[in-house]
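Everything below concerns the one structure shown next.
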Amino acid sequence: MRSEKSLTLAAPGEVRGPEGEQQDAGEFQEAEGGGGCCSSERLVINISGLRFETQLRTLSLFPDTLLGDPGRRVRFFDPLRNEYFFDRNRPSFDAILYYYQSGGRLRRPVNVPLDIFMEEIRFYQLGEEALAAFREDEGCLPEGGEDEKPLPSQPFQRQVWLLFEYPESSGPARGIAIVSVLVILISIVIFCLETLPQFRADGRGGSNEGSGTRLSPASRSHEEEDEDEDSYAFPGSIPSGGLGTGGTSSLSTLGGSFFTDPFFLVETLCIVWFTFELLVRFSACPSKAAFFRNIMNIIDLVAIFPYFITLGTELVQRHEQQSVSGGSGQNGQQAMSLAILRVIRLVRVFRIFKLSRHSKGLQILGKTLQASMRELGLLIFFLFIGVILFSSAVYFAEADDVDSLFPSIPDAFWWAVVTMTTVGYGDMYPMTVGGKIVGSLCAIAGVLTIALPVPVIVSNFNYFYHRETEQEEQGQYTHVTCGQPTPDLKATDNGLGKPDFAEASRERRPSYLPTPHRAYAEKRMLTEV
């Protein structure tokens with residue numbers, strides 16, 4: 001049986017080998033790190049009173065770290081107790097030690113906050129590569145968090161950028177954010193209210209003459225009124241019957257009503273604010289290219305350009321109506337212009353996404369959908385297969401019924417979609433026994449298909465939600481860096497006096513101390529007990 005070697009300890013800073021000979025710190029480091037027999041020796045690591053025991057060869061897997069390099073960890077060696085002492089977070093060291101045992105797997109314990117565990121990674125010097133991989137696994141922001149966000153170099157531009165881009169930066173920035181949210185809400189309310197029949201009739205200036213149907217002052221046809229559901233979709237349009245006396249006399253009235261309409265005036269004020277906000281943010285942004293790559297800025301552009309297109313089209317239309325007499329070709333061109341304009345102005349509804357700039361919940365939802373694109377793609381693919389399968393099955397099951405509501409397989413696509421999604425619209429339904437069996441299987445398959453990827457999406461949402469919560473807490477509290485011996489040292493139980501113990505402690509004082517965060521002075525401090 002191999003005799004177990006041991007280390008005989010002498011005075012502080014002095015180590016004796018297996019035969020009792022005296023060794024200095026350098027010889028002890030070489031004996032500890034090199035050689036096949038010594039690499040299997042075990043050592044004790046004391047983390048704030050909790051003792052861990054491991055082998056030297058386990059720590060030597062990562063020689064560039066604090067524990068893997070004998071020259072670095074010897075500064076924490078306590079010759080009085082024959083152990084390495086670290087006044088650090090105890091739950092975190094389980095994961096740190098597992099990093100060595102597993103060959104590079106770094107997993108944060110669930111009961112350790114993110115910022116505290118990252119401090120432990122830096123203290124034990126696991127390296128920037130391990131820290132970057134850990135941050136990527138945790139889905140963290142780039143190193144430095146809020147301090148690393150690009151800011152303009154000019155002081156005035158920086159202040160303007162913070163005012164309009166970061167509502168949490170100051171009180172005036174929060175005030176601007178509140179104004180922006182109110183303007184967005186007013187714009188959305190106006191977009192909805194202007195489609196009400198009573199407002200459209202009042203805005204047009206009256207009703208029809210003798211038929212009981214609301215028409216514009218120019219006596220437009222009922223078909224044109226249906227097409228013009230917007231408040232300012234060509235209020236000066238020429239009626240289908242040509243430009244008569246009544247139409248000519250009311251042309252100027254129509255043009256005036258467009259620009260004096262209350263909905264148009266409120267919409268104009270909202271657009272003025274949106275345009276001002278966009279131009280100010282663009283002029284103060286640190287990178288013009290990155291500005292247009294931001295999806296929120298693209299939404300801002302999409303939210304305002306329909307107004308200018310509508311306004312320009314209205315001015316051109318008024319000019320053409322005043323210079324060209326009516327006709328069928330002119331009316332057809334107007335009808336096409338109306339259809340195009342309605343599609344363009346429908347984009348105004350995307351203005352509601354501007355709220356996501358000021359809503360953490362919408363941002364979390366967007367990140368969840370972005371992270372769940374693979375699962376959503378699988379869901380759509382499964383639904384596509386089910387729609388093809390069950391629409392074909394119900395068509396052939398109902399083919400012998402003369403009253404069948406499924407004239408073809410493509411017509412049955414709609415039924416398959418609403419059945420698999422458990423909506424059950426009711427406009428199409430099977431009437432034969434075989435068709436009802438197919439419908440039952442379709443509903444069951446739809447429930448299973450939709451239920452499979454939902455837990456993954458919910459898990460992604462919980463992940464982003466808890467990450468956002470931790471980042472908010474990190475902005476309020478910061479863990480106090482510990483590990484340095486206190487200057488007020490007291491006498492110990494082994495008989496050493498206060499001066500002797502202080503001298504021995506200075507010899508073991510670590511040269512590596514974590515650099516305090518730049519923003520620590522500006523935050524409330526939370527000391528770990």
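Each residue, glycine too, has its Cβ placed from N, Cα and C.
Taken from Swiss-Prot, the feature phosphoserine covers Ser3 (among others), and the record attributes it to a large-scale study or a structure entry.
Note on the transmembrane segment (172-193): residues 162-164, 166, 199, 263, 266-267, 270, 273-274, 277, 348-349, 351-352, 354-355, 357-358 of its chain, located 6 or more positions outside it, place their CB under 8 angstroms from a CB of the stretch. Residues or ranges marked as transmembrane segment by Swiss-Prot on the basis of similarity to another entry: 172-193 (among others).
Per Swiss-Prot, compositional bias 'Polar residues' is recorded for 210-219.
Counting residues 6+ beyond its ends, the transmembrane segment (263-284) has Cβ neighbours under 8 Å at 152, 157-158, 160-161, 164-165, 179-180, 183, 186-187, 190, 193-194, 199, 203, 231-232, 291, 297, 300-301, 303-304, 307-308 in the same chain. As annotated by Swiss-Prot, transmembrane segment applies to 263-284 (among others), with the evidence given as similarity to another entry.
Sequence annotations record features per position, and here Swiss-Prot assigns S-palmitoyl cysteine to Cys285 based on sequence analysis. Sequence-distant neighbours of Cys285 (S-palmitoyl cysteine) (same chain, 6+ apart, CB under 8 A from its CB) are Pro152, Trp161, Glu165, Phe291.
The transmembrane segment annotation in Swiss-Prot covers 296-316 (among others), and the record cites similarity to another entry as its basis.
The transmembrane segment feature in Swiss-Prot is assigned to 338-358 (among others); the stated evidence is similarity to another entry.
Swiss-Prot lists 374-395 (among others) with the feature transmembrane segment. For the transmembrane segment (374-395), the residues of the chain that approach it from at least six positions outside its boundaries are 406, 408-410, 412-413, 415-417, 419-421, 430, 435, 438-439, 441-442, 445-446, 449-450, 452-453, 456-457, judged by C-beta separation under 8 angstroms.
Sequence-distant contacts of the intramembrane segment (410-421) (same chain, six or more residues past either end, CB-CB distance under 8 Å): 383, 386-387, 390-392, 394-395, 427-429, 439, 442-443, 445-446, 449-450. Among the features that Swiss-Prot reports, intramembrane segment is placed at 410-421 (among others), with the record citing similarity to another entry.
Proximity of distant same-chain residues to the intramembrane segment (422-429), defined by a Cβ-Cβ separation under 8 Å and at least 6 residues beyond the stretch ends, is recorded for 405-406, 411-412, 414-415, 439, 443, 446-447, 450. Feature annotation from Swiss-Prot assigns intramembrane segment to 422-429 (among others); the stated evidence is similarity to another entry.
Under the heading transmembrane segment, Swiss-Prot lists 437-465 (among others). Within its own chain, the transmembrane segment (437-465) is flanked in space by residues 139, 364-365, 367-368, 371-372, 375-376, 378-379, 382-383, 386, 390, 393-394, 397, 416, 419-422, 429-430, which lie at least six positions past its ends and keep a Cβ under 8 Å from the stretch.
The annotation compositional bias 'Basic and acidic residues' is assigned in Swiss-Prot to 500-510.
Among the features that Swiss-Prot reports, phosphoserine is placed at Ser511 (among others).
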